[in-house]
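Note sheet for the following structure.
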Amino acid sequence: MEFKEGLTFDDVLLVPKYSDITSRSQTDLTTKLSRNLSINIPFVSANMDTVTESMMAGTMARAGGIGIIHRFLTIKEQANEVLKVKRSGSVMIENPYSISPDKSVAEAIDYAEDKEISGLLVIDSNSKLIGIVTERDLLFANKANKIQDVMTKDVVTAKLGVTLDESKEILHKHRIEKLPIVDDSGTVKGLITSKDITNNADFPNASKDKKGRPLVGAAVGVKGDFLERSESLLEAGADVLVVDIAHGHSENAMSTVRNIKKAFPDCELIAGNIATAQGAEDLIKAGVDAVKVGVGSGSICITRVITGSGVPQLTAVMDCAKVGKDYGIPIISDGGTRTSGDATKALAAGASTVMVGSMLGGTDESPGTVLTKNGKRFKVYRGMASLAASIGRKSKESGTISLDDDLNDYVAEGVEAMVPYKGTVTDILKQLTGGVRSGLSYCGAHTIPQMQENAEFIKMSRAGFAESQPHDVSLM
Ligand code: RVP
């Protein structure tokens, strides 16, 4: 039996090369997420229930990356999360939420809360615009009142084809925040909001689809409802689906990929996780548009402890990237990224993007509440194969968890943990992308593909690793 050597991020450094870069802004982080989809920074937020729902995905896309909505939601809930991302930040919302005039104020408040929006268009039975209700109209209104009694009736509208500049002028002139777009017969065709216009200007690097809407991905499993789920997610506008299974080099994963591709040939499809060249090749042959690499590298993952299986992340990425390059299929390094240096090493080793969990958990945009313990603030961050995540899933499926359920039957491959509360993910992404841009410069590269050509790794000893950390000083 042969032993193969496996290395990970802390085993190596990138050898500095001559660089003509004088400013980080001369570097370009545009990269391929999958065969037909590009993003503007190489970061993807993990499809985990303590990392990515619509808030995280929207922020990731605004910053130039992408988020993958996790799959531990009902199909309707998950599709709704996709829809929320799609509707945030597009210049014109195509099917704005509306309500009929005979509904009550209470119903309008519930509906707006459910959709996380601040106003509703009021339309008659022929879809003609007859009013608008915003937070201001609803705030102190009697909840039993009808919408027609509280709505604003004289609505300022614009015609289909109105330009962005014209819309801004109208919004400013009338001191309003929402501009419904109607056709000649007064039928609603869209909605432009001041928030979306500002978003568009504030986030020039955002990852967008052809219609100018934020990019978003969503995960599906390999059992049960995956085709129905895929259909709903694609209908809601998901730009890419991710077949999510711990052991992606399996018949389960391959057949799921083939079935999704057969049912939805145009669907951009990522699958994983795998950690070997053969795993990558088999998924590529099954039809994927990108391969997600990482077995046991995640911060909350104990697969290697429980099963003894896995490949150190850097070697896994290098092996898979060789195959990816042969087939023209991008590789996503998933798990074990703790610093921008780790991300740079993964990219230099051949990954096109890096999926991140723990670094993005604990932020304002990650699901869950902030907890205080011993005066410090935290958020829960847990493995999707942890006991807590499994209990969460069970109680979601059956509405409750019974004391008779034998939890000892569940062999967890993940742990539940807490990560420090970190504020907004936007700041974290600034640090991550800034670090990677500098990393490119140290490799004498302006782009990620150039860095992959130029990169030279040097293996280091324990002493080399110790020297790489702050040492012989007291940290403040
Ligand atoms: P990290 O960024 O190191 O926190 O790793 C995140 C990754 O860990 C996820 O994208 C996923 O591949 C993996 N993961 C998630 N849950 C579990 C588990 O319970 N074992 N592992």
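Residue numbering: from 1, along the chain as shown.
Cβ coordinates are placed from backbone N, Cα and C, and glycine is handled just like the others.
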IMP binding, same site as Asp334, Gly335, Gly336, Gly357, Ser358, Tyr381, Arg382, Gly383, Met384, Ala385, Glu413 - TrEMBL member from Ser299, Ser461, Ser468:
Ser299
Relative to ligand 1, which of the recorded positions Asp244, Gly298, Cys301, Gly357, Ala385, Glu467 have a Cβ found under 6 Å from one of its atoms?
Gly298, Cys301, Gly357, Ala385
Candidates Gly294, Gly296, Gly298, Cys301, Glu467, namely the recorded positions, that fall within 10 Å of Gly357 (IMP binding site) by Cα distance:
Gly298
Please compare the recorded positions Ala246, Cys301 by how many other CB atoms fall within 10 Å of each one's CB, and tell me which has the fewest.
Ala246
Which residue counts does DSSP yield for the domain 'CBS' (151-207) in the helix, strand and coil classes, in that order?
19 helix, 15 strand, 23 coil
Given the model, what does the mean pLDDT over the domain 'CBS' (151-207) come out as?
89
